[in-house]
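Trainee: Sharing a structure with you now.
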Amino acid sequence: MRLAVVCFCLFGLASCLPVKVAEFGSSEEKAHYSKHSDAVATWLKPDPSQKQNLLAPQNSVSSEETDDFKQETLPSNSNESHDHMDDDDDDDDDGDHAESEDSVNSDESDESHHSDESDESFTASTQADVLTPIAPTVDVPDGRGDSLAYGLRSKSRSFPVSDEQYPDATDEDLTSRMKSQESDEAIKVIPVAQRLSVPSDQDSNGKTSHESSQLDEPSVETHSLEQSKEYKQRASHESTEQSDAIDSAEKPDAIDSAERSDAIDSQASSKASLEHQSHEFHSHEDKLVLDPKSKEDDRYLKFRISHELESSSSEVN
């Protein structure tokens, strides 16, 4: 890689060097070249107008560099001419000197042209590097954030109001009227929602009452059975007391008058308790709804109680 770079550098330096005419050959060729040297020099020289146009924009190269370059090139050419040529070939030296100057001028013109091109390319690149501000090209919808749905909704809410309906109205009046219309619509919507919700509440209340009644029915039945059992126990207890009283009444010789009075009082209290129990039983019958079996039991109890009361009253009399 290094060798390739060195070769390219040498090739570039060789191409930059001015072309020199070969000084070998016979005296006839030299004389022929000396005769036509002026024609060749004029042919190599460009027009003065073109030279001015090419040298005018050259600002990068200073005068000192050009003087140094000329001082380096002229002595080398003079040394080479003294070494290879004789004193008789002074005219040829003049021609070579003119050719060397022309070649130097042509090289300078080429360098100036390249410098102009580099300046133009540099300015173009700097202009291209300057960034232009990016302008938004898409319309942003009105509303909160960039939500398109909210923008469309806000646009749909803006109803066009014609001037024929409100010729003397201002923007504030129109907005107040729109708000009042929206509030009226909301007020109309609320009673409808309440009406729709009321039947559901009634249905729910009906369902709950029906369920509670269904749940209470077995409790009523159990309560009626418990009361019938209590009545049976009380009736049996009272019957035993009455039988004891009857037995004591059948033995008047053994029982004193005080005991008789106590027995009479106990019978009266038993009657009052029986009447009270019968009254309570009737009241419970009116309140409760009993099964047919419980009704039959109650009838049997009533009949038995009434029979016992009649028997006790007949015995007392």
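Cβ atoms here come from the backbone N, Cα and C positions, even for glycine.
The feature signal peptide is assigned by Swiss-Prot to 1-16. Residues or ranges marked as phosphoserine by Swiss-Prot: S27, S63, S78, S112, S118, S176, S180, S213, S228, S273, S311, S314 (among others). Annotation comment: Swiss-Prot describes 43-297 as region 'Disordered'. Residues or ranges marked as compositional bias 'Polar residues' in Swiss-Prot: 49-63, 197-216. Summarising the annotation, Swiss-Prot assigns compositional bias 'Acidic residues' to 86-110. The annotation O-linked glycosylation site is assigned in Swiss-Prot to T123, T132, T137, S219, S311. Under the heading compositional bias 'Basic and acidic residues', Swiss-Prot lists 174-187, 223-240, 248-263, 273-297.
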Trainee: Measuring Cα to Cα, tell me the gap between S314 (phosphoserine) and S180 (phosphoserine) in whole angstrom.
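Mentor: About 92 Å separates the two Cα atoms.
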Trainee: Taking just the CA atoms, what is the gap between S180 (phosphoserine) and S311 (phosphoserine) in Å?
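Mentor: About 90 Å separates the two Cα atoms.
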Trainee: So among the modified residues S180, S228, S273, S311, who's got the most Cβ atoms within 10 Å?
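Mentor: Answer returned by the neighbour count: S228.
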Trainee: Per 10 Å Cβ neighbour count, which of the modified residues S176, S314 ranks highest?
Mentor: S176
Trainee: For S228 (phosphoserine), what is the secondary structure by DSSP, using just helix, strand and coil?
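Mentor: Its secondary structure by DSSP: helix.
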Trainee: Roughly how many Å lie between the Cα atoms of S176 (phosphoserine) and S228 (phosphoserine), rounded to a whole value?
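Mentor: The Cα atom of S176 (phosphoserine) is 77 Å away from the Cα atom of S228 (phosphoserine).
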Trainee: Roughly how many Å separate the Cα of S273 (phosphoserine) from that of S228 (phosphoserine), to the nearest whole number?
Mentor: 17
